[in-house]
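Written below as structure tokens is the structure these notes are about.
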Amino acid sequence: MQWETVIGLEVHVQLDTRSKIFSGASTAFGAEPNSQACAVDLGLPGVLPVLNEAAVAMAVQFGLGIHAEIPEVSVFDRKNYFYPDLPKGYQTSQMYHPIVGPGEVEITLEDGATKRIRVHHAHLEEDAGKSLHEDFHGMTGIDLNRAGTPLLEIVSEPDMRSAKEAAAYLKAIHSIVTYLGISDGNMAEGSMRCDVNVSVRPRGQASFGTRAEIKNVNSFRFVERAIAFEVERQVELLEDGGEVVQETRLFDPERNETRSMRTKEQANDYRYFPCPDLLPVVLDRAYVDHLRDNLPELPADKRARFQDALGLSAYDAGVLSASREMAEYFEAVKEVCGDAKLAANWVQGELSGALNREGLPIQDSPVSATQLGELVSRVMDDTINGKAAKQVFQALWNGEGQSADEVIEAKGLKQVTDTGAIEAMIDRVIADSPAQVAQYRDAEADKRGKMIGYFVGQVMKASRGTANPQQVNALLKEKLDALC
Amino acid sequence: MHDKTLTELAAGLAAGEFSSRELTQALLARVERLDGDLNSFITVTAEQALDAADRADAARAAGNAGPLTGVPLALKDIFCTEGVKTSAGSKMLDTFVAPYDATVVEKLRAAGTVSLGKTNMDEFAMGSSNENSFFGPVQNPWDPNAVPGGSSGGSAAAVAAGLVPAAMGTDTGGSIRQPAAFCGITGLKPTYGRVSRYGIIAYASSLDQAGPLARTAEDCARLLTAIAGHDPRDSTSVARGVPDYTEELDAPLAGLKIGLPREYFGEGLDPAVEGAVREAIGVYESLGATVREVSLPHTHYAIPAYYVIAPAEASSNLARYDGVRFGHRCENPADLTDLYKRSRAEGFGEEVKRRILMGTHTLSEGFFDAYYKKAQRVRRLIRQDFLDAFDEVDVLMGPASPTPAFDLGARKDPVSMYLQDIYTIAINLAGIPGISVPAGFVGNRPVGLQILGTHFAEARLLNVAHQFQQATDWHLRRPALAEETL
């Protein structure tokens, strides 16, 4: 039987506010345990929450970024359950009236095709603390630094049909939130985590199969792997005549498998009800319009502009707009050199290759956008040839010089275009290679084209790569043919 | 000095007739001598009180005294007080020392008042007799066999017994007004949002409100002026200016339109209580007020709606008492579930557990719409009843409680206890202010007249109560205990 996979994602994005969603404590990552938890975060008797306006603004910006409805009124609810790192015994969240209504996210697939994934809603909530099970000799340590960190939970419709689509969606969300500057999107530090709902159904069947929810998947790669495993598990189960049970599962990246955590029967009854300590959030139109007017250019718009205004291919535009850092770097290079296509080639070619080799993100590139832009300019104005340009790039990468010009100067890579100088080098090479010259002379006219390569190589070598290759070619041909 | 009102004591301090230290010492001595039986205090903070009195005297000497500088009072043990045990009347918090001050406490401290300590209360403010306290019941100063009312029973008894001129309480369904009535003193529940809830241990967040218990409406006016106002730490506190609530006290009552809710004079009302209340209304008529009957048609839904909403909120508010970070923790827990179960089973009393169970039930899947949502709809109807009534009249009057104080141990059945609050509970659901003033006796037990106004009509309520106290002397009556001098 042909199976179809159906995937929905709940993405938790940690909002980059300075203080927590309901208290004034700092949200900075990595501090001493419990040093960033105030009375409110500890859930001490008598404390009350006060909503952080910055978190509201960020949530609305996200909503605007996915062209979602922004309801005038949203309400915080309490989700009640007991857990040691949940200090109040409830999580303040939004169950019935979320701050962001239905919207959509466009994803780009590997073949360049695009697809729209609908977002059901996004709501604000507070994060819990952390339970630390190591180093406490059979006890559990509780660190409440993270408790009260603002989260935006983005709930998609079950619109994805493959692990690749799910990963593309997650990347799209990542790029929107980082473009907006509302999250650092750092998955390793847990700034973005997701729960994946997966089910399978016979191709052509209209109704959904029973789904399993995989909790807390925290990398793009793990999302793909967890889904791949889960789909295989469910298909195998169904093909053996079994049934998928609705349950919550955990992905174990070490063993590359998902494991059952709790079934539907064991699920909590969260007893949601409106939080009586917080007033409904009422957003007036002017506030929302102001945020809309001040939105930065988002990935989809940027991609379109790269194609339409800069003349890049769909593929290049997609790659270069995928992350805010990449787009900003590319645009800075283009700004300096003035040629979008060359800038795109260098960013995606030499630079990306080097970054990938060393596993560096583009914002940590040792070669700055200005340096690369100047380098491209020197290729454009024929100061250096392509070969030398790669040497200059490598030198800048290694920190041997502050600018392309400095490296060109120091290494003497300036392209030689003086015909007299090139001729002198050619004459010397011809004089030093009597055997090759004889071969050339004896060869048939149509074979000579290939044989000229040897002489070009020798001349370039003699010029230490600085001779203009087109000139070398032309002059060599002239001189060799004159000998025939 | 103990027989003076707060207003008189403030005047005495201002005139230099006695120092705050002398006054504080005298009252601490009374607490020492009388409170062993009365049990109105959970914690007496004598040392801190004397320090605060000295600071008040120093401030006065330096010419920096305000209207309440050096005035002693007490705080219901539900207000967090930095460095002092704050128990909420529960074993759960018997060892909890608050690391911060509630906003009300901060304001009273800033006003230069001197707290003698923390008063007894029904556990987590759940109760109408103060018998639900982990720290034992409180005697009614008028009769040692009678309850003082609840949940602010300790505050009411301490004021009635002349241990303090005033005390702070909280009122979620009548917890200031009913004990004030039972103890023959004046108690004001302000409009929801008038006084910050920050630092007050939550029972039912949408109903809880702090207010003063004192001898007179004038005393209450002075205290409300000090504690009211918007607090950026409490989103439900209202951004609205705070007047000097003493300014309108003397306004004449001629033309005042009084409404008597038909539903507050029906079945279950003790005829002797009704007699006293009707007599008090006669006093108002003699002061130029007109009286008419009005109807609050949804009154009989108030208790059921309250016992859905308040326990629902409480079940969530009390979830933080889990034995993990503070409060009672059971010995040698076997695992996490055991830690939760035994810590909570041991730390909470019976009534608290009953309400947590009720609230957990009404919020659970399948019951939420039938109970919680419906109760919220009823709540809106009840609020509308009052708004409609206030279109016709200025204030509503009736008994604060259907009976005078009952005997200790007399109400075993929780429902009969819940029915005690029949005249007070709807006021919290509507969010309006209410005040109880002494209006007579049944035997040796006081009767309270309840006066209700529309949202933020505290100045009017205090004026109406004050004028009654200018015309009567019920508020000046003292139990034998309070007459006793040292």
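Every residue gets a Cβ built from N, Cα and C, even glycine.
Sequence annotations record features per position, and here TrEMBL assigns domain 'Amidase' to B:22-462.
A C-beta separation below 8 Å, combined with a sequence spacing of at least six in one chain, links B:K76 (active site, charge relay system) to B:K118, B:T119, B:M121, B:S152, B:G154, B:S155, B:A167, B:M168, B:G169, B:T170. The active site, charge relay system annotation in TrEMBL covers B:K76 (among others).
If you take the C-beta of B:S151 (active site, charge relay system) and look for same-chain residues 6 or more apart in sequence within under 8 angstroms, you find B:G89, B:M121, B:D122, B:A125, B:M126, B:G127, B:S128, B:N130, B:N132, B:T170, B:T172, B:S175, B:P179. DSSP assigns B:S151 (active site, charge relay system) to coil in the three-state reduction, placing it in neither a helix nor a strand. Taken from TrEMBL, the feature active site, charge relay system applies to B:S151 (among others).
For B:S175 (active site, acyl-ester intermediate), the number of other Cβ atoms no farther than 10 Å from its own Cβ, over all displayed protein chains, is 37. Residues or ranges marked as active site, acyl-ester intermediate in TrEMBL: B:S175.
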**Item:** Secondary structure at B:S175 (active site, acyl-ester intermediate), reduced by DSSP to three states
**Value:** coil
